[in-house]
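Colleague: Got a structure here, written out as structure tokens. Questions coming.
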Amino acid sequence: MKDRPNRFWAAFAVYAQFIAVVSAAGLFSTSPTILNKGDPIPLYLNKIFSFKTQLPYAYSELNFICPTSARASRPWINLGQVMRGDRIVESDYKITVGRDSSCQVLCDKPVSVEEAMQAKKLILQDYQVEWILDDMPGSTAFYTSEVKTKRYRNGYPLGQVVNGKTYLNNHIAFNILYDTVDHDRIRIVGFEIYPDSFRGDECQPSTIDYGRQEVSERRTTIRYSYSVTWELNKQISWEQRWELYLLASDNSLHWYAIINSLVIVLFMSAILAVILMKAVRKDITDDDKVRFSRANACSQEAADFFCDVQQLYNNNDEALGWKLINKDVFRRPTYGGLFAPLLGSGIQLLTMAILTLRKRYFLLNELAYIGILNRTHRGGIVSFALIMYLLGGFVAGYSSARIYKVFKGRSWQLNAVLTATLVPAVLFLTATIINLFVWTKQSSWAMPFTTWLSLIILWAVVCLPLVMFGAYYGDKQPRLEHPVRVSPVPRIIPYKPWYMSTWISMAAGGALPFAVVFMEVHFLLKSIWQGQMYGSFYFLEIVFVLLVITIIEVTIALVYFQLCSEDYNWWWRSFVVSGASGIYVFCYAIAYWITVLEVDGFVAGLAYVANAFLVSLAFGVCTGTIGFFAAYAFVRQLYSALKVD
């Protein structure tokens, strides 16, 4: 009873530390900003991006635009924003709340030939410009055949190509939508940008065929201008102002995919019901009856030669299948010292995924209410997922230590270090290679050295100690005892047909889970690489549950077939069979890149393939971990019910 106050304060300290870390990471989104009419409001410049090159650049560092003043502030950005290439700086645009303005000149910028050619190249590569006002990205309105209402696309085009000539959009018309709080106070609910190109001193089209600001192989002076319009809009509330940015998709596609997944789940459930619930139960319960009847029949005709032959056949028959390998089924797998850290890493990734996907778990609903895990906050989900991964180190170390102790490992410290470094090392190495290539292109996507240093410090200060502490606690727990003992001499595994090979099992075990998540993978790729915000988290949660059920059923069925073929090396097989779905995800990402995306350039293609590889690897480790623990529970239950002589 005396320990309860101490435990409470310890839990409170951990919770407070978590809040402090999250706050420092910049994950708290602001509450509704109430603006007073007549007050200035800053406009922030961010970056330019293209879906063809996938390489963003800082807008303020372009040579052909108006330079920002030396006093321009640079707001602090979180880690997720740095990783997506954001470089935010305050602009010199003068915007006053509630006050319209037209034909405001920003600057007259002399442009050299090299700078003009740079602008032309970026326009031909279809670069878009992202600016921010009241935490909302400037957007262009559009309509689609799928959804008849107005939708927003992030950013506006840097320029335009008309009749083979390249023009720079040097005039920006801001249309700011707002809702009133009272007579003198408002809230911004929309930020629309309508760019245009004008030559010389013009800022409004005087004729249909008006002059545009062309960029070509010659020096010129470009006048940048802008206009501001404030529009009252009562139809959009502040809470719903992000809805127009969300990916517009037909919900029927999601429901068709979910129905397809349910069919797969029911199909696998039927297989398990027939094979496991019937065959296994009959093997266990009728084993003694069969042996008694056969022995009794032979005892009545002991001198009969045919009875001896039948007895020999029966003795061989009762040893066939999964019962024959009961002394080897829990034999330590090869490379067990690598297998346990891999499972711990999978648990850590699953913890991150579940807490990020389902914010209602463990008080996260309350945190989301005050602003954490806001899906519309730039970089918020990435930063939150990173923090959840770091804090998941305790669970990773504990689970890895428990499995490592089952394998009778000798050094839990080494196992803990491997658990903490296995996945981060792969991520760090791959990201470093990508970063070097992106750095040669001078893209803002290249993470600064300080960011790398921050990640290393977070890993060393947060993740590694938590993994070590979890491993220490897990090593102090009693070893999980298996229902049967392992023989000192391993049994020879008989020859198996080709359809029982590991590759065939991986092909079958990965196909069904991928079929469950196929549609959501498609929409996620469309959201990430085509600049549309994903908003179908409800469907994603349903698909995640169906995915877990499918993995469990497929892995158990394939492991049972393997045991029936007298192959007791099921440890790694259960992991790679269910983890093979990551290979399908990677192959589909490559097919999506080839058939849908228009990514140009070696660096952009390398970045896409590398990111697809990392995501597919993480997905495969997660699904493999789920499959292993399902198979482990099944095998333990199966052999605990077996009567061994």
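Please read every residue number as a count from 1 along the shown chain.
Any Cβ shown, glycine's included, is placed from N, Cα and C.
Straight out of TrEMBL:
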{"type": "SIGNAL", "residues": "1-24", "note": "signal peptide"}
{"type": "TRANSMEM", "residues": "253-276", "note": "transmembrane segment"}
{"type": "TRANSMEM", "residues": "335-357", "note": "transmembrane segment"}
{"type": "TRANSMEM", "residues": "381-404", "note": "transmembrane segment"}
{"type": "TRANSMEM", "residues": "416-439", "note": "transmembrane segment"}
{"type": "TRANSMEM", "residues": "451-473", "note": "transmembrane segment"}
{"type": "TRANSMEM", "residues": "503-525", "note": "transmembrane segment"}
{"type": "TRANSMEM", "residues": "537-563", "note": "transmembrane segment"}
{"type": "TRANSMEM", "residues": "575-594", "note": "transmembrane segment"}
{"type": "TRANSMEM", "residues": "606-635", "note": "transmembrane segment"}
Colleague: Three or more CB pairs closer than 8 Å, sequence separation of 6 or more: does that hold for the transmembrane segment (381-404) against the transmembrane segment (451-473)?
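Modeller: Between the transmembrane segment (451-473) and the transmembrane segment (381-404), which are separate recorded stretches, there is contact, as judged by 3 or more close Cβ pairs.
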Colleague: Quick check: do the transmembrane segment (537-563) and the transmembrane segment (416-439) share at least 3 Cβ pairs under 8 Å, counting only pairs 6+ apart in sequence?
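Modeller: Since fewer than 3 Cβ pairs under 8 Å link them, the transmembrane segment (537-563) and the transmembrane segment (416-439) do not come into contact.
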Colleague: By a Cβ-Cβ criterion of under 8 Å, what residues six or more beyond either terminus of the transmembrane segment (335-357) are in contact with it?
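Modeller: Sequence-distant neighbours of the transmembrane segment (335-357): 364, 373, 381, 384-385, 388-389, 392-393, 395-397, 399-401, 403-404, 407, 409, 414-415, 418-419, 422-423, 467, 537, 540-541, 544, 571-572, 575, 618, 621-622, 624-626, 628-629.
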Colleague: Take the C-beta pairs under 8 A between the transmembrane segment (503-525) and each of 253-276, 416-439, 451-473, 575-594, 606-635. Which stretch has the highest count?
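Modeller: Selected stretch: 575-594, with the most Cβ pairs under 8 Å.
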Colleague: Between the transmembrane segment (253-276) and the transmembrane segment (416-439), do 3 or more CB pairs sit under 8 angstroms, pairs being 6 or more residues apart?
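Modeller: Since fewer than 3 Cβ pairs under 8 Å link them, the transmembrane segment (416-439) and the transmembrane segment (253-276) do not come into contact.
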Colleague: Within the same chain, where does the transmembrane segment (606-635) have neighbours whose Cβ lies under 8 angstroms from its own Cβ atoms, ignoring anything closer than 6 residues to its ends? I mean 6 or more beyond.
Modeller: 54-55, 329-330, 342-343, 345-347, 349-350, 353, 423, 426-427, 430-431, 433-434, 437-438, 445, 509, 513, 529, 547-548, 551-552, 554-556, 559-560, 563, 570-571, 574-583, 585-586, 589-590, 593, 597, 599
